[in-house]
Amino acid sequence: MARSVLVTGGNRGIGLAIARAFEAQGDKVAVTHRGSGTPDGLFGVKCDVTDSDAVAAAFAEVEQAHGPVEVLVSNAGITDDTLLLRMSEEQFTRVVDTNLTAAFRVTKAATRSMLRKRWGRLIYVSSVVAMLGSEGQANYAASKSGLIGFARSTARELGSRNITANVVAPGFVKTDMTASLPEQRTEAILGNIPLRRYAEAEEIASAVTFLASDGAAYVTGAVIPVDGGLGMGH
Ligand code: NDP
């Protein structure tokens, strides 16, 4: 049965690959964008996930078009890298607001109808950096590991209503986010990845669609690494 799926930041990068994977399964897929427009064939809603009113309006639009959101993929995220000594409080809180507090906002918006329906799938896109830490990414790592505690608490609170909450932790993926890494850093990263390559966004999407599938009905509070072995299960 076609499900109502919402992917935040589904207009490009990993989010778009996730949206396309659900679309290919025949689901009704909505994506958020911040003005770039909607990719062909998808239902787009304009939404900045740091704005609670915009999130509420986006959910209302998706609900009207596709019915209540049954599968939520909280994927939108940013980096703003610099060493701790140079990092401003604004740089820290902006990244946490976009990557973590926004996950809280969209989860709150999605769970009301999931609770009524007694079914729901909450999936959060974290990062291998959540477990390993990363120089110059104290803000990003904090936000991404925060998602794990958040998802696990949600899994405990909502499990009795048949709502699962899981995390996918990608390693390095070929997208705009990693395109600007200097070549020297890229080589150093590749040297630490057993599979010796970056992931394709589609490889992240397959873990996400698995978590939303009937086959994953008994998986909740899990963190699934898709990182070519970089984190070795941490
Ligand atoms: P991109 O930079 O390619 O895309 C980021 C997406 O997030 C865009 O759709 C962007 O929308 C959206 N976004 C950012 N801020 C907001 C906001 N305030 N409101 C709404 N949407 C927003 O990143 P990736 O596709 O690479 O990353 C997707 C997720 O995967 C992120 O959470 C990232 O942290 C995570 N990740 C990425 C890895 C990688 O190697 N690429 C590795 C591990 C995790 P817009 O087009 O409007 O800017």
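Every residue gets a Cβ built from N, Cα and C, even glycine.
As written in TrEMBL, here are the features:
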type     : residues                                                                 : note
ACT_SITE : Tyr140                                                                   : active site, proton acceptor
BINDING  : Gly9, Gly10, Asn11, Arg12, Asn75, Tyr140, Ala141, Ala142, Ser143, Lys144 : NADP(+) binding site
DOMAIN   : 3-192                                                                    : domain 'Ketoreductase'
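Sequence features, as recorded in TrEMBL, placed on the structure.
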residue: Gly9; record: NADP(+) binding site; Cβ contacts under 8 Å, 6 or more apart: Gly15, Val31, Thr32, Val49, Asn75, Ala76, Gly77
residue: Asn11; record: NADP(+) binding site; Cβ contacts under 8 Å, 6 or more apart: Val31, Thr32, His33, Arg34, Ser36, Gly37, Thr38, Pro39, Gly44
residue: Tyr140; record: active site, proton acceptor; Cβ contacts under 8 Å, 6 or more apart: Thr79, Asp80, Asp81, Val95, Asn99, Ser127, Val129, Ser134
residue: Ala141; record: NADP(+) binding site; Cβ contacts under 8 Å, 6 or more apart: Ser127, Val129, Ala130, Leu132, Gly133, Ser134
residue: Ser143; record: NADP(+) binding site; Cβ contacts under 8 Å, 6 or more apart: Gly77, Val95, Val96, Thr98, Asn99, Leu100
Neighbourhood of ligand 1 - recorded positions from Asn75, Tyr140, Ala141 with Cβ under 6 Å
Asn75
Three-state secondary structure, Asn75 (NADP(+) binding site) (per DSSP):
coil
If you count Cβ atoms within 10 Å of the Cβ of Asn75 (NADP(+) binding site), leaving out that atom itself, what do you get?
29
Mean of pLDDT values spanning the domain 'Ketoreductase' (3-192)
96
